[in-house]
Structure formats: C-alpha cells, structure tokens
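Working notes, beginning with the structure itself.
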Amino acid sequence: MAAAASSSSAASAPRSGEDIREAFLNFYAERGHQRMASASLIPEDPTVLLTIAGMLPFKPVFLGQQQRPAPRATSSQKCIRTNDIENVGRTARHHTFFEMLGNFSFGDYFKQQAIEWAWELSTQVYGIDPRNLVVSVFREDDEAEQIWRDVVGVNTKRIIRMDEADNFWASGPTGPCGPCSEIYYDFKPELGDDGIDLEDDDRFIEFYNLVFMQYNRDAEGNLTPLANRNIDTGMGLERMAQILQKVPNNYETDLIFPLIQAAADLACVDYAQLDDKGKTSLKVIGDHSRAVTQLICDGVTASNLGRGYILRRLLRRVVRHGRLLGIDKPFLVTMGEAAIDLLKGAHPGVIERQEVILAELQREEARFLETLERGEKLLAEVLASRPTQISGAQAFELYDTYGFPLELTQEIAEEQRITVDLDGFEVAMEEQRQRAKAAAVSIDLTLQDAIEQVAGDQPATAFKGYDALDHPSTVQALVVNGAPASTASAGDVVQVVLDSTPFYGEGGGQVGDRGSLSGVDVIVAIDSVSRSRDVFVHSGRMERGHLAVGDTVNAQVDRSCRRRAQANHTATHLLQAALKQVVDPGIGQAGSLVDFDRLRFDFHCPTAVTAEQLAQIETLINGWIAEAHCLEVQEMAIDQAKAAGAVAMFGEKYADVVRVVDVPGVSMELCGGTHVANTAEIGLFKIVAESGVAAGIRRIEAVAGPAVLAYLNERDAVVKQLGDRFKAQPAEIVDRVTALQEELKATGKALAAAQAELAVAKAGALAAKAEAVGEFQLLVERLDGVEGAGLQGAAQSLADQLGDGAAVVIGGLPDPGDLGKVILVAAFGKQVIAAKLQAGKFIGGIAKQCGGGGGGRPNLAQAGGRDGAALPGALAAARSELAAALPQS
C-alpha cells in the first residue's frame, strides 16, 4: 500500500498558485531538469494557431527535427484553447487561458522514474493523501500498472485500465507515440474503491498526465520501439490550485478569483449572492481577462482573421457578459489593469507591455460599443414590429454588417420571448462564404505572392558580401509595382533578384543592407534586402533609366550602414558573453535585432538584471572593445563547432557545415551575420534599457559606436532641460522630483479626505428630511457634485444616523453639467433587510429608469445610469415603492 503523505508535508504543502508553480519547477530542477521559460502563445509551428499544450515548444525535439536543449527540462507553459469556449464559466474546469506545468525527458529517464517522481511530488511536496488518488493506465501497458502497484504501492482497485482514446498519445497518424498514465484526485474517497468510474466529473479530476513516447507508428499502423524514448508530462496549474486550496472550482482559486471580484465590484454585485447565470458571466470575464491580456502581451492584435479573431471574440464576450451584469460603461481597461496586477509576478512581460495591452483593450472596446449601439438600434426597430421570430436574414445582417454577435441577438430576443431563425442564419452565412470564395479567385497577386512566384523559379543567390561590398551581378528576375515583370523604368518600385550579391539579406536578427544597383544610365536605390528561402530579394526604387532581366549591374553596399550593422552585431555577441559571465552561464538567446543604429538582445532569465549587473556588463564589454581582439571566422562541421564550445541558439536549424565567429577568449558563436574585424572598431557600447518581454525572457537594448555619442548628447539635453525647469543642478534633480512627488501624494490624500468629509457634511443636513413609515425611517434625496465613493459614504452615514430602520436612497449627477452620468446609492438598515428588502436588488430596478443598472450587497449598493433627465422621476419612484413596501406596523 502506498505510504500516506506525512502530516508535516501536508501542513507545509504549497497553497497559493505562485507557490504551487514554483514547487513543481524546483522539484524537477533539483532532479537535474533545466528550467525553461514559457514560450510565446504564438507558436513557431505554422500549422498551429496558438500554443495549446506544454509540450508544443518541444515538439520538434520529440519529432527529431531539432537537437534537445538538455537531457531533462521543466517548464510552466502559457496555453490558450478556445475549442470549448461555450463551456467556460459553465463547468468547474474549462478555461481559455491556463498554465501547464511539465517535466520532459529527451532520451534520458523513462517510465519508472517518471511515475515515481510524479507520485513523490503529489504526495510529499503537495501533501495529497494517497487515499485521494486514483491512477489510469493504457489497457495494454502492463509495465505501467506493475510500477504503480509494486514499486509505488497503489492499491490495484485504484489502478484503472483505459482504452486508446483516453490513454494513448500520438503526434499524428504516423510518427512518435506511446501510452500514457494519468493521476486523478478523488473528492469522495469515502464511496470506496469498487466500481470506480473516472468519467464521474463530480468525484474525479485528472490533474497530472504522463506520456511515455516509446513507439514509432508507420503508415500501416505498425508500432516499433523508438531508439530514444521520451517523457512528456502535463499538470494543470489551475486544477492543482483547486485541489490544494479546497475550493469548489478552478475559478475560485487565487489564480482567477481576484479578477472575478474585480468584475463583481464594477457591477456592484455580490458573487456569493448571484444566481448561476450571473456567476457564469463573472467567471467568463475573469477567465477571458487573463487570456486577452496574455494574447496582447505576446503580440496579437484584434482583427477578423486567425489569432486576431480569437482575441476579438474573447474581448467582445467580456463586454457582452459585463452588460448582462449591468456594466454599461467601458471597463476592459480596468479589468486589464487587474489582470496585469495578478499576472505580473509569474509573467513580468505584462508589466513591460502594459501600455500596449491597455491601449488595445480601450481601442477594441470602443469599437465594439459603437457596433453594439448601431446594432441595438436596428434590432430595436425589428422588435418594434412585434414579430414572433427574427428572420435568419435579419440576424445575419446584424452579424455581417454591424458585427453584432448572433448570441447577443438571441439573448435580447429571448428577453422579448422571441426566437431567432438559426437555420436561416446558417443559410445566409453559407451564401456569404460562397460569394467570398468566388471573389477570391479574381483577386490579384499580393506583393509577397509576386516575390515568392519569381523567387521560386530562381536558384540560390551567391552571397559575396563577406569579402566585398561591390560586385558585378546579373538581373535574374523583377517585380515591378507589385507584379512580376521583365523591365522597369524610373519611378517604379522594384524588387530585384540577382545571380550574386554583396548585399546581406535580412536574417539571424540582422537587418538587410542598403545601397544601390547601377549600370549604364541606370540607378536603383536599394533600401532593404530580404530572403525568400535562399534567394535574396533587393527592394527599392528606380531612380534613373531602364532596367531589364538579363542586364548587368554593379551592386554596391552602403559602407556606412554596413559598418554600423557589423559593429552592433559583434557587440551583440559580446553582450551574450558578458551576460553569461556576470549573470548566469546558462543564459540562452531567445531572439535579437541588429539594426544600423541600435541592437536588441532577448534572453532566457527568470529575474530582471540588476542595475549593478548592467553596470558590470557595460564595463566588461567596453574593456573587451578596448583590448582590440581580432575576430576569427571559419567554417566547420556542426559537431566540431559544438565540441569547440560554440554557442548555438535553441530552436534554430543549422546545416551540417556552419560558420563560426570567434572573439578569442571571449565569445564563440554559430553565426551567418557580418562582423567587425577587430573589437576596437566598435568604439563604445552603452545599455539603454532592460525589460521583460514574456515569462522568463528579458530584453536588453543598447547602442554602439557613433550611436553612443548621439544617445549621450540626447540624454544630456534632457538633463539640461530638467535643470532649467527645476532651477537645479544635475545632481539635485532627483531630490527635487522626489520631493514634488511626495508633496503631490500628500495633496491628493488631503483632497480625497476633504471631498469625503464634504459629502458627509452635505448629507448631514438631509437627515432631518427623513419621514417615518411605521417603525422605519425613509429618506430619498438628491445630492449632485459627488462621485460614487463619496455618495456611498454619505448614504452610509445617513443610514447610521437613522438607525436599523433606515431606508436611504441618494441619487445625483457627479458633474451637474453632464446629464450623461447618474449615480444612485441605497443603504438599508438591519430591520429593512429583515423585512425582505435588499439594497442591491432594489437600486438596480430604480437605475433602469435612468437607462442603467447595477446592484450590490443587501445593506449597501450602487447603480448607474445614462439619462440624467430621468433622475427626478427615478427618485420619486424609489420613494413611492419603498413607502409601499415597508411594513406599516
């Protein structure tokens, strides 16, 4: 029998989501696994829209397409899945965004070790009682069952054999595959071990999946053992948090619930008091807020295609569910700020990209609110004729022309007890698809299509740029003004393919060269060079003359641009070497940009580089520059290069023979870019910024050479302007700004306190206007010029003065000159609540008369509206309704 988790391990088990994640990664790091940062939600695999599983970044390694980053690895991978989007919020465990904790073995340990560690982690680190655990194995995997039974000690009755559909993993119809074993948590172990049904979602939740990749499946379905067997595992962070935090669903864990509470506060509702429909809306908002924040952080923008459409759909679902809760003002930015605050610890990139995230949320929400307003007007016109059904054509027009979601049309129609012709909608949708398909046939080739068309017919371009900056070449193909052509004339925008070129084509993070092509009375200004496979494409404009396929031209690189790019590229190599020396020898490159006037280097690192470390790095690099190291460049076999210690980038594909750039004693890297001959040519190096771009990925931006002087001059000018403005010497500026900040902070606090006191003071004069209704004190009054928090304070103060029988309703315009914003607050005493009147429910109904809604707690609630002209009538209705509802004796 498996040993029970010790009481000490259970007592000290991690509980917060942050601790659960860190405990997993530390557990496997202590067992020789390299900690890998989460990859982007935008995968490198072009066949996959979004990162949907923890193993996806390692798929090329599992398939033998890339070398392994280490024998063992562990990660917490950001994932997005939208295939079950309609179940989000309705079930306990469906999400769009989630984190998958994983440990991976690439030809290293296998089944027994994976099982033993999974059990040790679950019972000893997480402190789960083995009596709460059940495991599943593939029906034919006798080895896994034997390990669970004889090595780990699990009761045979709690080892369940499952079919291939549940417990056999495959990357596709052919290729690596193997059985898997899953660990389930049993919420009701008291029901016993007989007749266990793992499909009982109320009793069991699967939280850890172990995949044993041990076979290769051929086209005929035959399985043969793999030479190198792999382990791929996944543990849902949110699921483990639900188990350890002992909450009824994933949404009520500390990974999501703070966002649900933020949304509830915006809607002035109490999550615990809501019905299932209201709770579902809050869960959708909480879940989707995490998803959209991470998607935008990783570079997705809202659109009608691909990832952009997924983002747009999620954003619009958040807005729609907010409206269902009575939130009728823009609130995505507020939810975005809450999500950033919640995620920033594990995903610092959201802080660095905060401005981008919030701007995209604001822009897309504003666009959708305009859409909703237009669509609601049209829908109101349709409903005004009191139809029994909204036709499919009408619903499709709302969807296609106004972007009005079908589900929102259904919800509004349902409120009016009207149906929507869904079959007719599908017919209209299919007709539109067919029209789009027919139209697509006649669309002209895009520029990229044209480039790929002409480049696809050409052999690889011979690159001469390592040894020469000008070279005679023959024009092989032309794209003129976006279309393939055989000739070009002055003024034309062109893409030119040459048989050979000294121009460096953009690649390896380095931008393409600039320069010119010239011939007899012909000049082409080249402003960029890209690559289409191995063909170099020179883009620019015809400055003079005529150019034709077959012409000979002199290709000349802009020497100044090349020198600056070379200096920045070599400086990037020195930067990586310095990071390894100062911060961590295990630091690996995650990306880079080498431009003419700046450089950027992204690298795997779990924490920010400190100011002291940045200073050390700068000093080290400038020292190497001053030492005037001569670079050595040579080609060699990939295995020989790696054996010599050359640094390669994980995920990059390399040929059998590679180019090695060596700064002797400092840096050795596989690199196809251009470099200085001697480090002294770089001149100077200066770091200008360090930031986080994603979980576990940091970025350093820097300048080198003449750009350093330009940067320092610019900074000096800023310091001079600040000194003039503050009438201070440069050394005094920081102290002056700090003092001003403290003064501003103190003034803000004093102003807020004064406003709150003023609101309570204004309200104090209203207490005398209360009227007796039986044993109750009824007060309904107007108080303009006070914001929501102040109005709540005033209402609560009045209720306290009037006692347990107080029924207080205060309404007003925060800005008396703006009729577009109304605030209503209700504060009820204990006796009023005992009389079955609740502030939250009551004020929401009154606010509808002002074109709004809201709610809150039984004793205190706030609502809003958009029609200030209706406020007097709404307050009169509140007075009469309360007077009628309060018991008279």
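Using N, Cα and C of the backbone, Cβ positions are placed for all residues, glycine too.
The shown structure was predicted, so the numbers you read here are calculated from the model rather than taken from an experiment.
Residues or ranges marked as Zn(2+) binding site by Swiss-Prot on the basis of sequence analysis: His569, His573, Cys671, His675. DSSP assigns Cys671 (Zn(2+) binding site) to coil in the three-state reduction, outside any helix or strand.
Packing around His569 (Zn(2+) binding site) is summarised by its Cβ count: 26 other Cβ atoms lie within 10 angstroms of its Cβ, all protein chains included. Every protein chain shown contributes to the tally, and the Cβ of His675 (Zn(2+) binding site) ends up with 25 other Cβ atoms within 10 Å. What surrounds the Zn(2+) site, by Cβ distance within 8 Å of the Cβ centroid and not counting His569, His573, Cys671, His675, is the set Gln566, Thr570, Thr572, Val594, Val661, Glu669, Gly673, Thr674 from the same chain.
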